[in-house]
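Data block below; observations after.
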Amino acid sequence: MVMINTGDTAFLLLCTALVLLMTPGLALFYGGMVNEKNMLTIMMQNFICMGVIAILWVFGGFSLAFGSDVGGVIGSLTEFMGFYHIGAEPNDTYAKSVPFILFFAYQMMFAIITPALMTGAFAGRFKFPAYLKFIILWSLLVYIPVAHWVWGNGFMASMGVVDFAGGLVVHTTAGVSALTVAMYVGKRRSTKEGKREEPANLPLVAVGAGLLWFGWFGFNSGGAYAANELAAYAFTNTTLAGSTAMLVWMFWDWREHGKPSFSGVLVGAVAGLATITPAAGYVEPSSALLIGAIGATACYFAKYVQQKLDIDDALEVWRAHGVGGITGSLLIGLFASDAIDKVDAGISQFFVQLFAVIFIVLYSWLLTKWILKLVDANGGLKISDDEQDQGLDFAEFGEEAYHHEDNAKDQVMDDESKSDKAD
């Protein structure tokens, strides 16, 4: 019988709470970035994942991701369905020194935030009822299978593919899928007209970025599943990569525009944190500095690829998360050290990682495109130009983040009042 280690359990409990905190942090980060008439909508899209995906995780999601392997592709649906075989007893395969239900909870937080990451790409263009259908189908058909392939003893794990905390499973899937959704829903009306949408509240973005960075310590360090030296390396590497990326992004921004930008500094930090995620527990701190710098550079200049594709990814989700996750996953093959964990850099590891990146990118793109067509054919998902002008906060929820004398709600009420008087 495996004994529960109370220190490891306390550590992973804290990490689980920190990862959950990242979803509200993301809501603030995205909410401050969008136009104020769409603030509540994108925050709602983030928060609702905490409800929808948690229930999905209980009733099949966790079992499909981490149940006994079926052909290297998916886990057994029935093994852990509805808390079956999930309790205080540690599991022989996953996180052996903590209660298995804690491993369940920790992984649930990753499943929650991953679809939420995509929302920044299609801000202001996706109907809420359709969004609910989309995140359920996407989690079942994209996130969960990839989680099984890499973390659940699927075919990629058997090949030697590694991903310490989600560069492939979380950031690559979400980033590529976000770009796919942005391509499918088309440009915002303001973008088509050449207008720039100003962020609603940059201080709110800063608060969100701070919460994301704070939560990222649990996101990455928790991948050790123990309060040990590996967790300490992951913790330190997380800080170093984020810090370096922030400065490198500012350098490129300053060089191109003649001045730095606060929003750029914050996005740069997030890009660095996403880049170190897959490698956090595999590299030396000195390598983490380089990974942060390389990640920030790759993510920054990916904007030219996005411009060439002419895709309106509103909050640069693909650049920060997709490019960051891909870059970090590949850099494992160049910087991993077996002095930190049982993975060493080399040509074979690089090509194993490259195969995983290519496969997951193509899979995420194809499945996301198919899901979008399915959802669109059953009720539609695109927002009309008139609703975009009005703002989704009022159009979808009848609420607004800020009250102005000439806001949409007042305008609609005035129109209704005039109509009543005319009658």
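Quick reminder: no glycine exception, Cβ is built from N, Cα and C everywhere.
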33-54, 231-252 - the one TrEMBL records as transmembrane segment: 231-252
13-31, 70-88, 317-335 - the range that TrEMBL marks as transmembrane segment: 317-335
Considering the transmembrane segment (130-152), which listed stretch of 198-219, 317-335, 347-366 counts the most C-beta pairs under 8 Å: 347-366
Chain residues outside the transmembrane segment (347-366) and at least six past its termini with a C-beta under 8 angstroms from it: 142, 145-146, 150, 156, 159-163, 168, 172-173, 176-177, 180, 326, 329-330, 332-334, 336
Stretch with greatest number of CB pairs under 8 Å, the transmembrane segment (164-186) reference, 98-118, 288-305, 317-335 candidates: 317-335
Chain residues in Cβ proximity to the transmembrane segment (264-282) (below 8 Å; excluding those fewer than six residues from its ends, i.e. six or more beyond): 29, 162-168, 170-171, 205-206, 209, 212-213, 216, 219-221, 223-224, 230-231, 233-234, 237-238, 240-250, 253, 288, 291-292, 294-296, 298-300, 316, 319-321, 323-325, 327-329, 331-332, 335-337, 340-341, 343
